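Q: Got a structure for you, questions after.
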């Protein structure tokens, strides 16, 4: 193997640049040429390929986003479009492809491997932490820290005004950001897609807190359950005198300098991706489990089910009495 390529696909996540840096530097260390594909699979189809060298990845480990840009490519579901992507790889002599992204990105890599025998290695990069085969995805820790910073600031003003605040966080159909940030932020209530909840129980908890002199109430809401305005309306219908505000954090959770954890995780995964290609392995997804970097067959990785951390959720209920 002489030349490898790398792309980032789907939603961006802090730490992607650290992974790109690791792939490029490890590849060069082992004597490989490294090509960058701009804008994910869309750029692969459109032949947007650049050379990546040591200077290309200098001064990027601390930056959020991705220097390769990213885009969603619905057209990639069509076989004739995927053929164009394969032709781009052939044109540039790319013998191995590293794909950083979520499960949709992995499925794109899976199809390239199955249809055109492309050597592919996948790295989980998504703030949602919803990839079943790995304990943590690149970007999750940074996103949680961003949410924590917001919770801390919102609590300051909520306490001053004796208010309740709903904070809506990202995660699609996964409640991991809400759960981890909610526990770390001392939220009074965490509402997740994975757990049944009751609006009456929530309102009773707020009422009890007010009676015992509590100055604020922080409710962390995962976007996959409902929107913050919808929840606010439900609460106000039952507690019309409650001073209630809501904040939708939105895409601020995707940006910012990656944390130490995300930089180290991305560096480990990026280096391992190159090593796997040099070992002639393909269709692998790199993960971290029990603090060890491991890899799984992509078919198995996509069929796994993410285990919800119910113990942590139960702990959140104990700590929020």
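Indices start at 1 and increase along the chain as displayed.
Positions of Cβ are set from backbone N, Cα and C atoms, glycine also.
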Q: 155, 172, 238, 245: which one does Swiss-Prot list with 21, 22, 23, 24, 25, 186, 187, 188, 212, 214, 215, 216 for the ADP site?
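A: Between 155, 172, 238, 245, Swiss-Prot records just one in the ADP site with 21, 22, 23, 24, 25, 186, 187, 188, 212, 214, 215, 216, namely 155.
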Q: Pick the one from 5, 11, 171, 175 that Swiss-Prot also lists for the ATP site with 72, 73, 102, 103, 104, 105.
A: 11
Q: Please list residues from the chain of residue 186 (ADP binding site) whose Cβ is under 8 angstroms from its Cβ, counting only those at least six apart in sequence.
A: 151, 155, 218, 319, 320
Q: Should residue 103 (ATP binding site) be counted as helix, strand, or coil on the basis of DSSP?
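A: Reduced to three states, the DSSP call for residue 103 (ATP binding site) is helix.
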Q: Please name the residue among the binding-site residues 128, 188 whose C-beta has the most neighbouring C-beta atoms within 10 angstroms.
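A: Of 128, 188, the one with the most crowded Cβ is 128.
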Q: Whole-number Å distance between the CA of residue 126 (substrate binding site) and the CA of residue 102 (ATP binding site)?
A: 6
Q: Which three-state DSSP class does residue 245 (substrate binding site) fall into?
A: strand
Q: For a quick check of packing: other C-beta atoms within 10 Å of the C-beta of residue 102 (ATP binding site), how many?
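A: So the Cβ neighbour count for residue 102 (ATP binding site) comes to 22.
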